[in-house]
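Q: Take a look at the following structure, please.
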Amino acid sequence: MDRRIFGIETEFGITFSSKDSRPLSPEEVARYLFRRVVSWGRSSNVFLANGSRLYLDVGSHPEYATAECDEIGQLIAHDRAGELILNELVAEAEKRLNLEGFAGSVYLFKNNTDSAGNSYGSHENYLIGRRGEFARLAEILIPFLVTRQLIAGAGKVHQNAGQANYSFSQRAEHIWEGISSATTRSRPIINTRDEPHADAELYRRLHVIVGDSNMSETTTMLKVGTIDLILRMVEDGVIMRDLRMENPIRSIREISQDLTGMAPVKLANGRVTNALEIQREYFEKVSEYLLTAGAHHALVPRIMDLWQRTLNAIEQQDFSSIETEIDWAIKKKLLDAYQAKNSLTLNSPRLAQIDLAYHDIATDRGLYYLLQKRGAVARVNEDGQAMAAIEAPPATTRAALRGKFVKAAQSAGRDYTVDWVHLKLNDQAHQTVLCKDPFRNTDERVDALIASLGTESDFSD
């Protein structure tokens, strides 16, 4: 599949800090955050004019799901737009809280764990063809996903019985199954619930829920880009060697805690290998594939270069070549410098605070964004691309239709209902358009539906 639909769903941690007022629970803060959303959308679950979905998930975690994207740079812009939209809601919530006697700051964190040990996720979505055996595809992908934390982990200082260690992944400790139809109870690597949000006869949605939330644009590029390349390779019939693990859930935890990448991993066939070797095998296979298939978009050479450099850095235990591009390495450099400067042990609360502050999405306060302003992290996009994505849906996918309809219905003051595939006017006729093709960005039926918004006789008052 040369052209693929991508999407990222991100759950955010939320808290309120104040020296003068009583503490507020995450549920209370989330209600303030979404008050404006509820006022115009009459719900805390809405689709926006940029084609995205914004809602309160289980546990009062704000969640932003990007619109359907068909380019990785476009996906990164829309993922970042979600942070900017939420920052606007934070500013309004803080004003409202202050008026009601709660002077303080609302914090949103793009991370995966809170201080109580709860986990919330970053879910990736990849459109794949219906043909082919999904179980076999999952078998091929799981060893890659278990070891992908080497190249895409967000990094975390883990505390255990007074001891602290730095790990590749925040999410690894909270994964309990290889594949499952659940997302919260058992937290699998791949979710198998068959909800394609497209023509079910043609497509299926690969729903990956094992990954960390990433601040770095280049890490997101690598995370999504490598999966896309492996999918493309498998779709073209390339055979992978059997890398199924004896116990992927045990392995994902052991790999996370070993920054050398050399922790032993026992495969189902009895062979013993390690995460670095497994990642190398996928890298070499994709490299070989690209010699004949060629790059299908402009970022492929950059993805392959960063993939190789990250594996080399881990093998050589010299992270200086990736400390502006890979989240766990960027954060580790910050922590190491602060720890050395202040003669701290790794279990210091001050280091835990830095670990958390890295994921603060406030652009004037979060450590990642302060690094970005100093030019200390690599970029994929310019700031203007994320700013534009706040209002404008991806122009090349079905999201363009949804965004145009939502904007028109809101401007006309009409009642409507939208999901990933349906556009519906809640009038007497209940006019509905079903958009089953996620690649289709023009549709005469949608144009007619929008045109009807201006025809008073079509609506009951």
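Note that Cβ sites are derived from N, Cα and C of the backbone, with glycine treated the same way.
Straight out of Swiss-Prot:
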type: ACT_SITE; residues: ASP57; note: active site, proton acceptor
type: BINDING; residues: GLU9, TYR55, GLU63; note: Mg(2+) binding site
type: BINDING; residues: ARG53, THR66, TRP420; note: ATP binding site
Q: Show which residues of the chain containing THR66 (ATP binding site), separated from it by at least 6 in sequence, have their CB under 8 Å from its CB.
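A: For THR66 (ATP binding site), the qualifying residues are PHE6, GLY7, ILE8, GLU9, SER52, LEU75, HIS78, ASP79, ALA81, GLY82.
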Q: Just counting, how many other CB atoms are there within 10 A of the CB of GLU9 (Mg(2+) binding site)?
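A: Excluding its own Cβ, the number within 10 Å is 22.
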Q: Between TRP420 (ATP binding site) and GLU63 (Mg(2+) binding site), what is the CA-CA distance rounded to a whole number of Å?
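A: Computed Cα spacing between TRP420 (ATP binding site) and GLU63 (Mg(2+) binding site) is 16 Å.
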Q: Three-state secondary structure of THR66 (ATP binding site) from DSSP?
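A: SS state of THR66 (ATP binding site) = coil.
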Q: In the same chain, outside GLU9, TYR55, GLU63, whose C-beta lies within 8 angstroms of the Cβ mean position for the Mg(2+) site?
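A: Residues close to the Mg(2+) site, other than GLU9, TYR55, GLU63: THR10, GLU11, ARG53, LEU54, ASP57, HIS61, PRO62, TYR64, ALA65.
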Q: Taking the Cβ of ARG53 (ATP binding site) as the reference point, list residues of the same chain whose Cβ is under 8 angstroms away and which are at least six residues distant in sequence.
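A: The list for ARG53 (ATP binding site) reads ASN45, VAL46, PHE47, GLU63, TYR64, ALA65, TRP420, given in order along the sequence.
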Q: Which chain-mates of ASP57 (active site, proton acceptor) that are at least 6 residues away have a CB under 8 A from its CB, listed by sequence?
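A: Listed in sequence order, they are GLU11, GLU63, TYR120.
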